[in-house]
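Student: Below is a structure I'd like to ask you about.
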Amino acid sequence: MPGFLVRILPLLLPLLLLGPTRGLRNATRRVFEIAYSQDRFLKDGQPFRYISGSIHYSRVPRFYWKDRLLKMKMAGLNTIQTYVPWNFHEPWPGQYQFSEDHDVEYFLRLAHELGLLVILRPGPYICAEWEMGGLPAWLLEKEAILLRSSDPDYLAAVDKWLGVLLPKMKPLLYQNGGPIITVQVENEYGSYFACDFDYLRFLQKRFHHHLGDDVVLFTTDGAHETFLQCGALQGLYTTVDFGPGSNITDAFQIQRKCEPKGPLINSEFYTGWLDHWGQPHSTIKTEVVASSLYDILARGASVNLYMFIGGTNFAYWNGANSPYAAQPTSYDYDAPLSEAGDLTEKYFALRNVIQKFEKVPEGPIPPSTPKFAYGKVSLEKLKTVGAALDILCPSGPIKSLYPLTFIQVKQYYGFVLYRTTLPQDCSNSTPLSSPFNGVHDRAYVAVDGIPQGVLERNRVITLNITGKTGATLDLLVENMGRVNYGAYINDFKGLVSNLTLDSNILTGWTIFPLDTEDAVRSHLGGWEHRDSGRHDEAWAHSSSNYTLPAFYVGNFSIPSGIPDLPQDTFIQFPGWTKGQVWINGFNLGRYWPARGPQLTLFVPQHILMTSAPNTITVLELERAPCSSDGPELCAVEFVDRPVIGSSQIYDHLSKPVEQRLMAPPPKKTKIRGWSMYDDESL
C-alpha cells in the first residue's frame, strides 16, 4: 500500500463509516439561518427567499403526492408548507399511524427528492379547517382540560406526542441533510383567548430539545397588533399572514414592530377561501391574487401561498367554525391546483408572476389527470341503522340514566344512536326539545320506526313528535366535525345536555356507539345475502317527509376495452339528501346536496378496482330518492366534472380589518387569526 494511503486512511475511516449522507454532511455543513443584519435568510451562506405553497398530505392520497409536488415545483415554487395533524397520526391514545397515507416522513423525503424545501407546521394545534384543529378528540376525556394552555393534562399529552413526532423530523432538517428549513410553533396563538406564555415557552423548549438549538423556529399570526400581543415570543421569529387586497405595507409594518430586522414573511397568503355547508362557494379572482403576489415578491419578501392545492376532507376530517358551521368534504379552496390536482387559470397566472422574480423549471408541466364518467349505478337498500345494530355495535349498548357524550362512550367520530321510551302518551304532537342547544350536531329522530324529523345544533332545537306511551324513541346523532378555530374547540359531541319531552327530562337511555367503518369494510357484504329486498320497517315514513337512516349498496365494474382505466371521477347524488359514502371500504366523506354548495365528491382512481366489481356503500340519513311512494330509482352517478358550488366572490378579504369584522358572508368572517362573531353561541 502506498505510504500516503497508510497515513490518510485513519483520517478517512470515520467518514466512511458514517455512510455517504452523514459523511457529506460533516464534510460540508449545511446551514439555514436568519441574517438579521441583511433582512434575509441565508442558505449555506447565500441569500435566500422562499416562494412556497401549502399542501396538506393528509388531504391528498399518497398515490398522488408526487404528481401534486411536481406541479408545485413546475409552478416555480422552491418550498412547500405542510401541517402535521396530531389526530391524523394518533386517533386513539398511544395508537400511532405513520404508514400509507399517514407516512409523513415519506412525504417529506419525496419533496426532498424533487428538490423542494419544506416549512413544517407540527402544531400541536393547526387550525387548518381540520377536525378540532388537529387536536385529538380523546383529549376531551379530561372534561375540564384547557386546550392550548399550560394545563398539566394538556402539556403531558403534548409532550408525549412531540416525543414521538419530532425525533422523526430531526433527520429531515436542512442542517441534517433533509428539506426542512423552518418549523412553526403552535399556530396563530394570538387569536386564542388563553394568552399563555408559559405554554409557548414550554413548546419552544421541547422543540429545541428534540430538534436542536440551530433550528429556525417561527410563529404565524394575523397582521394586526392585537394578535401579536399574545402570539409572539422572544426566540421565535414572528411572521404574519394576510390575503390579497390587504395593504401590504401596513401588514409588514405590523411584523416589523416585533421583528425590526430579518426577512419579511407572509406565512399564509390566501389564494382562495374556505367553504361551509349552506353558504356559497368562495372564490377570489385570479387577477387580484396575482397582483398582490407580485407586490409581495417585489418587496423581496418570502411568501407561502395558502393553499396551493387544497385537497379533500375524506372521512370525518372536516372542521367547523363558530357559530357552528361545518366545512364540506371538498377543500378545493379555489387554489391554483384544484381539489383533484388539475391545473387552473390561477396556476398559470401565478407561475407567470413567479418567473418575473425567480427562474422557473424548464420542461413539461404534468398535465391534469384524466377523468372518466362511469355513469349511473343502481343501489339496493339493505337495512336501516336501527335494524343493523347487532353489526354496527357488536359489543352491545351502554345504559345510562342520562345521555352520555361521544367522548364518554369513547366514540370520537361518526355516529351514536340514543334510545329511550316515551314516558307519556304523545298521540297529539308533543315538543321534543334540547333547551340548552345540546344536540351536537344533528339528530335524526324516530318513534317506533316512524321518522319524525331532525334536531340540529343552533338551528332546530325543538321538534314535535307523536307516539304512544312506551314507544321507542331513537335519535341517531351525527358528529358533523369539531370546531377548529376560536374559543370553542372543546367541542363535545352527541347529546351534551338533557332532552325534554313536553318540558319533562327524558331518562333511561340505551346508547349504541356505531362502528360504521368496520361494518362497511367487513360485514355489509353479507347483509345482502341474509336479508335482501325492501323492508317494511325500513321504509316507514311520515308526513315529515323523512325516511329512516339506512344503508344502500351497489356495484359497478370498470369498462373493459378502454385503455388507461381506472381514472379519477366524481360521484353525485341526484335525489339524495344527506349522508356518508364509501367505495370499496374507503370513506370518501359526507355528501349533502340538499344544502350545498358541494354537489359532487372527488373519487381518486387508486381506490377503484379493475379485477373485481367496485362496491358503493351509502348511508342516507334523511331521505333517499327511492322512497316507497315514488317511482325514482336509488342511483348515484359518476361524472367527469366536479360541482362544488356556484361562483360567489366574497369581498371581505379586500376590506379594512374593521370592515371585514362585520361583513357577511360568511357569518364568521375570519382572516386566519382574526374573528368576530355576531353570535358567540355554540
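Glycine residues also receive a Cβ, built from the backbone N, Cα and C atoms like all the rest.
Worth saying up front: this structure is predicted, and the values here are computed from it rather than measured.
Pulled these from Swiss-Prot:
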type	residues	note
ACT_SITE	Glu188	active site, proton donor
BINDING	Tyr83, Glu129, Asn187, Tyr333	substrate binding site
DISULFID	Cys195-Cys230	disulfide bond
DISULFID	Cys626-Cys634	disulfide bond
CARBOHYD	Asn26	N-linked glycosylation site
CARBOHYD	Asn247	N-linked glycosylation site
CARBOHYD	Asn464	N-linked glycosylation site
CARBOHYD	Asn498	N-linked glycosylation site
CARBOHYD	Asn545	N-linked glycosylation site
CARBOHYD	Asn555	N-linked glycosylation site
SIGNAL	1-23	signal peptide
Student: At 10 angstroms around each C-beta, which of the recorded positions Glu129, Glu188 has the fewest other C-beta atoms nearby?
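Tutor: It is Glu188 that, of the recorded positions Glu129, Glu188, has the fewest other Cβ atoms within 10 Å.
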Student: According to DSSP, folded down to helix, strand and coil, what is Asn464 (N-linked glycosylation site)?
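Tutor: Strand, per DSSP.
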Student: Can you give me the Cα-Cα distance between Cys230 (disulfide bond) and Glu188 (active site, proton donor) in Å, rounded to a whole number?
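Tutor: The Cα atom of Cys230 (disulfide bond) is 9 Å away from the Cα atom of Glu188 (active site, proton donor).
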Student: For Cys626 (disulfide bond), list the number of other Cβ atoms lying within 10 Å of its Cβ atom.
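Tutor: Looking across every protein chain shown, the total is 22.
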Student: If you count the C-beta atoms lying within 10 Å of each candidate's C-beta, which of the disulfide-bonded residues Cys195, Cys230 ends up with the smallest number?
Tutor: Cys195
Student: What count of other C-beta atoms do you get within 10 angstroms of the C-beta of Tyr83 (substrate binding site), across all chains shown?
Tutor: 25
Student: Between Asn545 (N-linked glycosylation site) and Glu129 (substrate binding site), how many Å separate their Cα atoms?
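Tutor: So the alpha carbons of Asn545 (N-linked glycosylation site) and Glu129 (substrate binding site) sit roughly 33 Å from each other.
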Student: What are the sequence-distant neighbours of Tyr333 (substrate binding site), meaning same chain, six or more residues apart, C-beta distance under 8 angstroms?
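Tutor: Counting only residues 6 or more apart in sequence, the Cβ neighbours of Tyr333 (substrate binding site) under 8 Å are Thr271, Gly272, Trp273, Leu274, Ser282, Met307, Gly310.
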Student: With every protein chain in view, how many other Cβ atoms are within 10 Å of the Cβ of Asn555 (N-linked glycosylation site)?
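Tutor: Other Cβ atoms within 10 Å of Asn555 (N-linked glycosylation site): 13.
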Student: I'd like the Cβ neighbour count for Asn498 (N-linked glycosylation site), meaning other Cβ atoms within 10 Å of its Cβ, all protein chains included.
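Tutor: Step by step: centre on the Cβ of Asn498 (N-linked glycosylation site), count other Cβ atoms within 10 Å, giving 17.
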Student: How many whole Å apart are the CA atoms of Tyr83 (substrate binding site) and Cys626 (disulfide bond)?
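Tutor: With distance taken Cα to Cα, Cys626 (disulfide bond) is 42 Å from Tyr83 (substrate binding site).
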Student: Just jot down the residues in the same chain as Cys634 (disulfide bond), at least 6 apart in sequence, with C-beta under 8 A of its C-beta; none if empty.
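Tutor: For Cys634 (disulfide bond), the qualifying residues are Ser378, Leu379, Glu380, Lys381, Tyr552, Gly554, Ala624, Pro625, Cys626.
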Student: By Cβ count within 10 Å, point out the most packed of the recorded positions listed: Asn187, Asn247, Asn464, Asn545.
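Tutor: In terms of Cβ crowding, the pick is Asn187.
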Student: CA-CA, which of the recorded positions Glu129, Asn187, Glu188 lies nearest Asn555 (N-linked glycosylation site)?
Tutor: Glu129
Student: By the DSSP assignment reduced to helix, strand and coil, which category contains Tyr83 (substrate binding site)?
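Tutor: In three-state terms, Tyr83 (substrate binding site) counts as strand.
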Student: List the Cα distance (Å, whole number) between Asn247 (N-linked glycosylation site) and Glu129 (substrate binding site).
Tutor: 25
Student: Of the residues named as substrate binders, Tyr83, Glu129, Asn187, Tyr333, how far apart in Å are the Cα atoms of the most distant pair?
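Tutor: Answer in Å: the longest Cα-Cα distance is 19.
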